[in-house]
Amino acid sequence: MEVFPLLLFLSFCWSRTWDLATADSIIHIGAIFDESAKKDDEVFRTAVGDLNQNEEILQTEKITFSVTFVDGNNPFQAVQEACELMNQGILALVSSIGCTSAGSLQSLADAMHIPHLFIQRSTAGTPRSGCGLTRSNRNDDYTLSVRPPVYLNEVILRVVTEYAWQKFIIFYDSEYDIRGIQEFLDKVSQQGMDVALQKVENNINKMITTLFDTMRIEELNRYRDTLRRAILVMNPATAKSFISEVVETNLVAFDCHWIIINEEINDVDVQELVRRSIGRLTIIRQTFPVPQNISQRCFRGNHRISSSLCDPKDPFAQNMEISNLYIYDTVLLLANAFHKKLEDRKWHSMASLSCIRKNSKPWQGGRSMLETIKKGGVNGLTGDLEFGENGGNPNVHFEILGTNYGEELGRGVRKLGCWNPVTGLNGSLTDKKLENNMRGVVLRVVTVLEEPFVMVSENVLGKPKKYQGFSIDVLDALSNYLGFNYEIYVAPDHKYGSPQEDGTWNGLVGELVFKRADIGISALTITPDRENVVDFTTRYMDYSVGVLLRRAEKTVDMFACLAPFDLSLWACIAGTVLLVGLLVYLLNWLNPPRLQMGSMTSTTLYNSMWFVYGSFVQQGGEVPYTTLATRMMMGAWWLFALIVISSYTANLAAFLTITRIESSIQSLQDLSKQTDIPYGTVLDSAVYQHVRMKGLNPFERDSMYSQMWRMINRSNGSENNVLESQAGIQKVKYGNYAFVWDAAVLEYVAINDPDCSFYTVGNTVADRGYGIALQHGSPYRDVFSQRILELQQSGDMDILKHKWWPKNGQCDLYSSVDAKQKGGALDIKSLAGVFCILAAGIVLSCLIAVLETWWSRRKGSRVPSKEDDKEIDLEHLHRRVNSLCTDDDSPHKQFSTSSIDLTPLDIDTLPTRQALEQISDFRNTHITTTTFIPEQIQTLSRTLSAKAASGFAFGSVPEHRTGPFRHRAPNGGFFRSPIKTMSSIPYQPTPTLGLNLGNDPDRGTSI
């Protein structure tokens, strides 16, 4: 490894003390200590002296050493000093410094192959945080951690869980790295605990004074409530000062409970902390095994330890730090490793190593020495010191000390339990119960949310949750009579409790078994299995099993008229209408029908579509079709429409008419016999265990339970069962499911459902009951049972029941059909979609009418003015036409005036070329007239053109004009002809072919 050349320019301004080895010594070790750890240096020298005097370990060889002091948080200085030690030649490096410098020494030791024994040291007795040294999976990791890993997260989490704290505050001093308990904070947050953090400054008095100056009375009271549960992560000196300040300023009361955790707390610190505190105090510290025989306390095998280190009465031993003990055991471990190497004659001489040279080689004997140290082990002041595969010391033990609640200062302290990574907590942290007088007793109550037994009534941020319900009313009645107070919390797993495979219990019962709660109350049934592990009061309410089902109800859909057909079928029908209409149009276009004279019909695409749609809705059509192909097409279409309309009508009646058949499930027996509706219960609940026990019992006569168990146990219970009762209720409400559960709970749900969509069936025989669970051997069982009997005899219990289960509820519990739907008439909601379709058609037709009116007015505005109108003497025209159309001997025959019948005519609406029979043409004269000629002479209209052509000589046509016509009234006046309908007829002047057809005043205006 190449070290930066910058190290060459570092000044040697740090004080160092060297104890040089004698020229013939082959055992030389180096030590680097924090400059504030003077006691580490003293213990190190004492350990070397004790071992040099022990001729059984090192017979002829003596240990020499070199010690240097550095700033624990200066990695450059630590590397510089380590290089100086390696340059002298050392077999191993011992360091007692901070984590920052330890990482640099780890890299240097790995490069030089020097065994490095690291003792983590905290600043001024503050609790340690994990160093997080990088461990390589290869064999080139030469750093061994003498002190065990930091287990503060695991220990404090176990203790807080044992005490069942839900809200507390953590105080830590300014020297502590709060990241050390990050894992603990994450886990308690996942469990829903309310945790606050506050840093304690060095000037504690000033900090407390600032709190009183800045907080209002309400805020200060809330802060006092927070201090009832607190954890102190700080050095012993700061903890003593902090406790004294908060006690003197009355920030804490006698009901407070504080936990102090620190590996460095000694016996003197424990006595002082207990003396200054009030309320309950729990102390967590690291402990080491001590021989029971006093005379053997200073002996570890064949080695004798100096009395100043092992005698509890010695002042030096009383004030020793944890790192001092591990320093001594480290030297003892190295001495035994050296002895092992000498015995095996596998000794590797020391080598002078240079960190600065680029081509410097590591020590060849480093790997062999490291393996000897790792495989060895000693029993010293800290107990067994050995290393695992990861290079760490796994042996650690914590001691949990505590006091009981009390008002007087200076209470006694006792050992509550111990903790280690292998077995966990050993012991009970529950304090002793007070006397039978329950005045002032605070009980911890665990519950499970279950309507209407226990429900959350108020959940305000920053305040404890408030609960209500039937069980809470019973608990309040007991509390008011007996005088105790209680703190309530919800079971972490929200379960009532059932035995596990390892013999433990979970849920509410598990909280009582592990003594984390004093009382358990909810919809908790009394069962034989539960009575084996906890105590129950007398039942305060009867219990029976019920079934929750959903009523048969009508589905309201405003577009129910569309329900008989699927959306895809509607789309196919619409496409079929368009397709058939198009085919009808094409067939008539390819083979047009021959219509009778005078018919005004037209087979356009629009008319074809309209005809197809009209026939589909059975309203007929206006366009007659005479071709064989078209008629075959329409015949098939009419048959299709008949079947579709008939199917729609029948299916619509089925959809709009509700079949109100009473449910066949009226009991548990009915439920077990059917398989259409799946059913289940809460997994591992009392109902689940009851059905399982009955269903698997070969001597059970009733087959109902075996049938129910087969349904409930599908897929090992995961298919039809739920984890919570609320999930089962929701499953019934929104699916095809029946929920088997406590009848009292189901009745409350059915009564208070806003939609009245539930009904219940079940067994009315109460073979069990609900009770209050207590710890096994609790002194409160009898007094609770007695008070419950008094409430039942006085009728107060019935009053509480009627509060939550009223007799006259808004819903019927036992009817499987909604009473509101028993009528036979359809309501407006069922056919609202039809009205919507009609309204849409009306609105659309009105819009089209407005557009047509606008278009007609716009088109009419283009008609020429009255000044440009030309008048025509239609009577003169009639005479001339009559003269042309009659025989030669009757040249003066005229039409009867009464035969002239002029009707309004819109040129735009004239038929197409296919109806030419309806129009009389004067082809050569460019005069076109409509069929206002009487019917009896219509046949003459076709010869009119030829006669005119032969009887007149055409001259040049000077111009082509258009204009409306007028004719004379019988009284000789003029009036506008009915043909004057905002349209024009083209005409040209008739040329003179030998006849004088000029303008004649008597004949009126000519065309």
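Quick reminder: no glycine exception, Cβ is built from N, Cα and C everywhere.
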Discussion item. Looking only at the topology recorded in Swiss-Prot, are VAL445 and ARG858 found on one side of the membrane?
Written reply: no
Worksheet item: With reference to Swiss-Prot, which of the candidate residues CYS13, CYS83, CYS756 participates in the disulphide bond with CYS355?
Response: CYS83
Fill in: Disulphide pairing with CYS298 per Swiss-Prot - partner from CYS256, CYS310
CYS310
Fill in: Annotation match for phosphoserine in Swiss-Prot, from SER308, SER360, SER883, SER896
SER883
Worksheet item: Looking at Swiss-Prot, which of CYS13, CYS99 bridges to CYS131 via a disulfide?
Response: CYS99
Item to complete: Scan SER498, SER890 for the residue that Swiss-Prot records as phosphoserine.
Response: SER890
Worksheet item: Just going by other Cβ atoms within 10 Å, which of the glycosylation sites ASN293, ASN426, ASN713 has the emptiest spot?
Response: ASN293
Practice prompt. Spatially speaking, which of the glycosylation sites ASN426, ASN713, ASN716 is closest to ASN293 (N-linked glycosylation site)? Use C-alpha to C-alpha, please.
Written response: ASN426
Worksheet item: What's the CA-CA gap between ASN713 (N-linked glycosylation site) and ASN426 (N-linked glycosylation site) in angstrom, rounded?
Response: 38
Fill in: Same chain, 6+ residues apart, C-beta under 8 Å of the C-beta of ASN716 (N-linked glycosylation site), given in sequence order
none
